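K.L.:
What follows is a structure written as structure tokens; I'll ask about it next.
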Amino acid sequence: QVTGYLDDCTCDVETIDAFNNYKLFPRLNELLESDYFRYYKVNLQKPCPFWDDNSHCGMRDCAVQPCPSDEVPDGIRSAGYKYSEEANNLAEECEEAKRLGAVDDSLSKETRQAVLQWAQHDDSSDSFCEADDIHSPEAEYVDLLLNPERYTGYKGPDAWKIWNSIYEENCFKPQNVKRPLASGRGDGCFQCLQLPFCFAGVCVEKRAFYRLISGLHASINIHLSARYLLQDTWSEKKWGPNITEFQQRFDEVLTRGEGPRRLKNLYFLYLIELRALSKVLPFFERPTFQLYTGNKSQDAEMKHLLLEILHLAKSFPLHFDENSFFAGNKKEAAKLKEEFRLHFKNISKIMDCVGCFKCRLWGKLQTQGLGTALKILFSEKLIEKIPESGPSYGFQLTRQEIVALFNAFGR
């Protein structure tokens, strides 16, 4: 069902599959397991800037405060209460969501010493994301390998509210088309693309913006379906593919034709991030750039692997042509680019409203990764002017942006 050419691209699904599965991903996976790329500094304690919400799980009755079971009133938990079965189920689901959504922040003593030495650069002026203050006492390094992206029990109205805010408040779309979204659906809101006239008259930039968010949403849903909690007993937890969950989100019949389009938007997202990697090669090729962790031999080995991946990305035969972006009137183009940037920055802020910490971690990382890819694509002239030696004043990437960019692409 997902085959052939992608809209707004000269590329097809089959070419991407072959290139990614056999050439690029095995190398990328090795890179992401290295020390430089597995540790991401994140502030998971930032309050939601858009609405008052302290919930840390996806259950309706837990929307105000964290919900360990000992805080559930005895009257609700007692067997004589007329809604006890429903209340107990809510309490159990809430506890499960909190347990599965917890972030493992354990780092070895050696790693803690190493990360303290990592050089930091500050470059927020042209950022597409609301970056965390990595010097905040609440910001912590998290080991991404210990905290894989998978199902955490986070669902229902809270999860729906996040995606609704992203799509309805932040996606460019024709103003005359009203798309009320059904509250309570936790699987997301892709109504726009169900309408054949939806993007009539919408410029390629705004169409691309919507498809990137849709592709990001598809990616997250695929990972939750692929790493689902299938069995949870005292002896073992078993994670694996949940075909039913996947079909509910992507099956052509169950989604009324929308599922395959969502998956094609994931391929579109892949092409955009792949193009960014091919463009940023001069930044990483400089002899002065190092993947510094303190282990010289491993740092040199990982930089070699990184450059191999970037050269491979550049060799891809059917890249997305970003020259159509902001190619018209200079004044209008500058205005549209700024609007584009602010929309995306707003989406990155919404990630601080995600109630499950593990979902928040991966949401923030993937949003920053995509924002970094956009920053690269819109900085092509600056990247071309980077000197072979010495500092790069015109264009800079922080370690946070580098880690987010490659891990987001790895997703």
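Counting starts with 1 at the first residue shown.
Cβ coordinates are placed from backbone N, Cα and C, and glycine is handled just like the others.
The disulfide bond feature in TrEMBL is assigned to C57-C62, C356-C359. What TrEMBL records for R150, T152, W163, S214, H217, R249 is FAD binding site. Sequence annotations record features per position, and here TrEMBL assigns active site, nucleophile to C356. Here TrEMBL flags C359 as active site.
A description of the local structural setting of each listed feature is requested, covering burial, neighbours and distances.
P.N.:
If you draw a 10 Å sphere around the CB of C356 (active site, nucleophile), it holds 25 other CB atoms from the protein chains shown.
Taking Cβ-Cβ distances under 8 Å and a sequence gap of 6 or more within the same chain, the neighbours of C359 (disulfide bond) are G101, T152, Y154, A159.
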K.L.:
In Å, rounded, how far does the Cα of R249 (FAD binding site) sit from the Cα of C356 (active site, nucleophile)?
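P.N.:
The separation of the Cα atoms works out to 21 Å.
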K.L.:
Count the Cβ atoms, other than its own, that fall within 10 Å of the Cβ of T152 (FAD binding site), considering every protein chain shown.
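P.N.:
Excluding its own Cβ, T152 (FAD binding site) sees 24 Cβ atoms within 10 Å.
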K.L.:
Could you give the Cα-Cα distance between W163 (FAD binding site) and C356 (active site, nucleophile), in whole Å?
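P.N.:
On Cα coordinates alone, these residues lie 14 Å apart.
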